[in-house]
C-alpha cells in the first residue's frame, strides 16, 4: 500500500490564494518569486483566466514559455494572457517587478515548469530562447523594447486556426509594441494572398526555416520575392511541388533571374531544397552563382536537369563543402555524369549523405562518378536504388566503396539481368545474383545496413531506415 506524499506548503499556499481570485490578484505584486510558477500552473490548469491576466502583468522572469505548458493553443487562455499584456504594453510606467521580454508559444522547454521552486531563486531564464533564436535575430532588448512573441507557424487551411487568427490580429493592432517572431514557417495549401498577409505581420528577420508547398513558380516569384529578401537570418529554405505552366523558356529565364537575386541577401543559408526542379532546367547556374554562404545541404529532386545545369554544381564555392547531396528522381540518363563526378571529388572530404535514388543512371555512365565516390571517406548514407545497372557494373561500384568505412546505410538496384520484360524482379534469378554481390562486397569491407533490390523488400517488408540493424534478406 503506497502512501501519498502530503502537499508541500508552497502548493497549499498557492491553492489558498486561488480559492479567492480577488485575493490572489491583489497579492500578485508582493507574491514571493518562488510561488509564481506553481500558482501560475494551478491557475492555468483550472482556467482561472482573470488570475492569468494579472499574473502575466507582474511576471518576474524574462520569458514565459507557454508553448511547453500548453501543447495545443487554447483560445480563451491565449486571450486572457494577451489581454494582460495589452494592459501592460499600453501603460507609460510599467510595473517595477515586470521582466517579461518573450512570450514563447513553441514547445521549447518543459524543464522550465519542472524546476520550481529552488532553482528559480537565482534564475532569470535567458537560456531557452538563446538556444532557438539568437539575439541578432530579433530586435534588441531594453527598456520599452518591443515584446517578442515566438511561435512556429504551419498554414494549412482557410479559414485559419482561430487561435492563430486571433494572435495575428492582436499583433497587427499593436505594431511597434510587439514583434511576432517565427523561427519556422510552413505553408501547405494556403492561397498566396493569405501567406502574404501573414508575412506582413511576422517579423521577417526572425524566420530561420521557410517551407512553401504547392504554389505556382511565376506567382511565387512575383508576389513573395520582396518578403524573401528580408529574411536575412534564413537557414533552411524548402520549395516542395511548386509548379509552372509556361513553355516560354525566355520568360522562365527572366523569372529565375529575379528569384535568384534573393539569394544575394541570404548570407546564413545552409539548406536549399527544391522538389520538382524542372522549372530551373537550363537556368540553374543563375541561382547557384547567387548563393552567398557555403551550403551544407542541397536537395534538387524530381524532374530533369540539363548538362549545363550539372556543370555549374562544381564551379561555385558555395557548393564546395556540402555534407548532404540529394538528386533523387532527377532524370540523368541522357547527360554526361562527368560534372557530377567532379562535384563528388570537390566535396569528398565533407560529404556524409549522397542520394541518387531513381535517377535512371545507366551502367555506361557509372565510370564518370566512381573516382569521386571512392574518395568520399566521410560518407555514411548512400542511396543508389532504382537505377539501370548490370551485375558487372554493380560489382565495380561495390569495389569502389572499399574505402568508405563509415558507410552505415546503402541501397542498390537489382541487376538488370534479374528483371523480366515488365521490369519486375525475377526472384529465381535475382536471389543468387544478390548473394554474388554480397560476396563481392564482403571481399572489400563489411557492410552494416544494406538493401539490394526493390524496397520495401517483398520478402520481409523492410525498408531502409536508421533503426534497421540488418536486412535479413541479404
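One is the number of the first residue shown, and numbering goes on along the chain from there.
From the backbone N, Cα and C atoms, a Cβ is placed for every residue, glycine too.
Copied from Swiss-Prot, the annotated features are:
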REPEAT    97-124  repeat 'LRR 1'
REPEAT    179-203  repeat 'LRR 2'
REPEAT    204-230  repeat 'LRR 3'
REPEAT    231-265  repeat 'LRR 4'
REPEAT    266-291  repeat 'LRR 5'
REPEAT    292-323  repeat 'LRR 6'
REPEAT    324-342  repeat 'LRR 7'
REPEAT    348-375  repeat 'LRR 8'
REPEAT    376-400  repeat 'LRR 9'
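For the repeat 'LRR 9' (376-400), DSSP puts the residue distribution at 9 helix, 4 strand, 12 coil. Here the repeat 'LRR 2' (179-203) returns a mean pLDDT of 93 for the predicted model. DSSP states for the repeat 'LRR 6' (292-323), grouped as helix (H, G, I), strand (E, B) and coil, give 9 helix, 7 strand, 16 coil.
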